[in-house]
Amino acid sequence: MRHIISIGDFDRDGINRLLDHAGQIDRKKYDAQALDGKILAVLFFEPSTRTRLSFESAIARLGGTSLTVGSVEACSIAKGETLADTIRVVSGYADAIVIRHPKEGAARLASEFSTVPVINAGDGAGQHPSQTLLDLYTIRQSMPIDGINIALIGDLRYGRTAHSLASALSLYNARLHTLCPRGLELPETLSARLEEQGMEIIAHENITDIIPEVDALYVTRVQRERFPDSASYFNVASSYRITPELLADAKKHLIVLHPLPRVDEIDPRVDEMPHAKYFEQSRNGVPVRMAMLMQVMQ
Amino acid sequence: MRHIISIGDFDRDGINRLLDHAGQIDRKKYDAQALDGKILAVLFFEPSTRTRLSFESAIARLGGTSLTVGSVEACSIAKGETLADTIRVVSGYADAIVIRHPKEGAARLASEFSTVPVINAGDGAGQHPSQTLLDLYTIRQSMPIDGINIALIGDLRYGRTAHSLASALSLYNARLHTLCPRGLELPETLSARLEEQGMEIIAHENITDIIPEVDALYVTRVQRERFPDSASYFNVASSYRITPELLADAKKHLIVLHPLPRVDEIDPRVDEMPHAKYFEQSRNGVPVRMAMLMQVMQ
Amino acid sequence: MRHIISIGDFDRDGINRLLDHAGQIDRKKYDAQALDGKILAVLFFEPSTRTRLSFESAIARLGGTSLTVGSVEACSIAKGETLADTIRVVSGYADAIVIRHPKEGAARLASEFSTVPVINAGDGAGQHPSQTLLDLYTIRQSMPIDGINIALIGDLRYGRTAHSLASALSLYNARLHTLCPRGLELPETLSARLEEQGMEIIAHENITDIIPEVDALYVTRVQRERFPDSASYFNVASSYRITPELLADAKKHLIVLHPLPRVDEIDPRVDEMPHAKYFEQSRNGVPVRMAMLMQVMQ
């Protein structure tokens, strides 16, 4: 594989191999000069500082050099020329391109014009494969992914990370529990496709029903702008808030994940509990992205 | 030479030596550790992402480290202190300075206060020597520069790249064909100087007259703001647009150059024709700038 | 010491050891691979280009890689999550964090949540230890710090660098001369503490009284916004302006320091005099910060 555009480009074996490789890297078994002398353009057409830093850290850990184009610059490029032209030009400066773009399909388009490998770092409502791979990696650190009971909580309509994760989990016989504000349900086309692939999806109305049942909580942020007013936002947000009290009923091995940043979705007191894996999840972005970089660059 | 400020600082031999060196670099004959441990400040007082990336790529290819100051930051520095002070401070942090500035003469001024070599990456209506050198390099990849028939098309009044290229070509017995909207002709002082140096300049009114005659087209962007209204802009822009149909009459070896970004000046269908050299021209910026860096740093 | 948050965390021996180390580095006696493979996050929640470049230069000189978060990005992070969360996330990407923040106490807070060493690059009205250390280093290049007569001139109320330097000098039996516009005196709590520590503080009204008496002038900028109108600003600013004429009465070994940028406080003609040490002071930021980095990273 020369490009990594979508988690859908991977089969289960492909994912497992990449996660195995990330695991080796995590145990410091990697060549810190693997990308020595290589230049990687990090082209962010919208800001996403965490993702950018995680990729740049991965590049540096492998001895490569980042050529960063932040969102302000990238947007000014975008006004002057087509994405195709920008990619052709940047291809001439770098040995690979990591692209973030607000428009779905932009990464695929970039891969068609690039003369060097392209990694999708998130394109609009589209794909964000590195996030999904690090989510899976974090689950696998605690338990086998196969047959997992996982709850997706929050904005399931617009939450790209939840979509990609659900798709990938359909390869692992997972059971999906969902909890979300009315109107922010999983898109029907997605849930239909998942069920067709044999995934069981159980919609819940109440957080307390979910907690004792599942192995993992995947909490995402509900944006205030999705609600007509602050009151209804706070009403919903507080009814989902993960607290130590709520987790009293959880299985001992339950893990709490969150793609970050979290705002009010998780009580800071949860941070100290063994269930809390979201900061580790964030840290896991580095070895997972190192494995992705090695895959496209070799 | 310790600084590179203007293409006018080079004689024909100096240009040829630099292009020869860039050619060697292009064939991978260079020391990838040449700038190991060296720090190069890339100080851009106005945004120019392509030029910045090209220089930073060149620096990384030689093993050096870029210390980037983007335009927002640079402008905030500029408010607080004189350029002389900024340059003296940055000289203390870096082993060389690559400067881009909106004011003509800024690079020369910088070189007077710097304790380290300065490379001009474009200063206002002034000079942009690295662009001219990569233009010449691209021509030379296809044919000898000497005695070339070249057409400059577009905004010849404000187009700095066209001015610098024309000046350099006067060292190579080139014949200059020009085509531009009324009011955007070559500045008279420039054309007078070129003719004094023995250059033949032929002004054309019609693109179809030019195509069969020349060895190279150097197309530049005409900015919409130069026209009273959109209609007159589109009228002019479309009359100059380079298309496959137009190129049917071209010499087989004709090359089409453009400093990029292109907007409507060149039909994307031209991209696939052997005449199209503008993306290669952009790529050539890296070896040419590597040769420039080596020259000032040795 | 794992973090460097405040100059107050150092005793006199600690400062001297660090300055000795910086001196060695200045004489090129250091391992240019000391931070090879290390990633240092440079997290600037407010712009300070000079400080950023100086740290990034220091990191590069030691072979490390900077992961830069400029102020625009940092502020957008700050809106989405707590500083504690940001620091925990960035800790997962880097081997150390250099932080600049507009709020006093932010660096200390960061050090409490970071899993990697933190260096304070200035936090609001709080501390700026690297500036103080380079100020001390520059003094020591010209004379022993012990027993020095030094004048602080300018905005002594809000001038953080003057506060930190005064505190540090209280460890060296320095005599402090002050000259400032009415209303911009040293904060009383600070001057009370300094006097309690045995420091003699002599307030002056006239620049000409100070010049012949002191070994060092530490000039800081008075911001125009502190004054009701431009006229009173210029009146004050001009009465403090350091000129060659004024320095005619100075001791031969007098040094003039300024944290830069300078605006009108020092006549450019002073630049050529042997008294002028402010550009050297700026350059000294690199070896001093290299010594700080080595201290936290070893």
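Cβ atoms are placed via backbone N, Cα and C, with glycine included.
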From A:ARG17, A:ARG100, A:ARG157, the one annotated by TrEMBL with A:ARG50, A:THR51, A:HIS128, A:GLN131, A:LEU260, A:PRO261 for carbamoyl phosphate: A:ARG100
Binding-site residues among A:ARG50, A:LYS79, A:GLN131, A:ARG160, A:LEU260 whose Cβ lies under 8 Å from any chain C Cβ: A:ARG50, A:LEU260
Pairwise CA distance, A:PRO261 (carbamoyl phosphate binding site) versus A:LYS79 (L-aspartate binding site), rounded so that it is a whole Å: 30
Using Cα positions only, nearest of the binding-site residues to A:LEU260 (carbamoyl phosphate binding site) (A:LYS79, A:ARG160, A:ARG221): A:ARG221
Binding-site residues clustered about A:ARG160 (L-aspartate binding site) [Cα within 10 Å; pool: A:ARG50, A:THR51, A:ARG100, A:HIS128]: A:HIS128
Intrachain C-beta neighbours of A:ARG221 (L-aspartate binding site), sequence separation six or more, cut-off 8 angstroms: A:GLY154, A:ASP155, A:GLY159, A:PRO261, A:ARG262, A:VAL263, A:GLU265
The domain 'Aspartate/ornithine carbamoyltransferase Asp/Orn-binding' (A:146-294) - residue tally per DSSP class, helix then strand then coil: 69 helix, 24 strand, 56 coil
Candidate nearest A:LYS79 (L-aspartate binding site) in space, where candidates are the binding-site residues A:ARG50, A:ARG100, A:HIS128, A:GLN131 and distance is Cα-Cα: A:ARG100
DSSP-derived class (H/G/I helix, E/B strand, else coil) of A:ARG100 (carbamoyl phosphate binding site): strand
Maximum Cα-Cα separation in Å among residues A:ARG50, A:THR51, A:ARG100, A:HIS128, A:GLN131, A:LEU260, A:PRO261, which the record lists as binding carbamoyl phosphate: 18
Mapped DSSP class for A:ARG50 (carbamoyl phosphate binding site), helix or strand or coil: helix
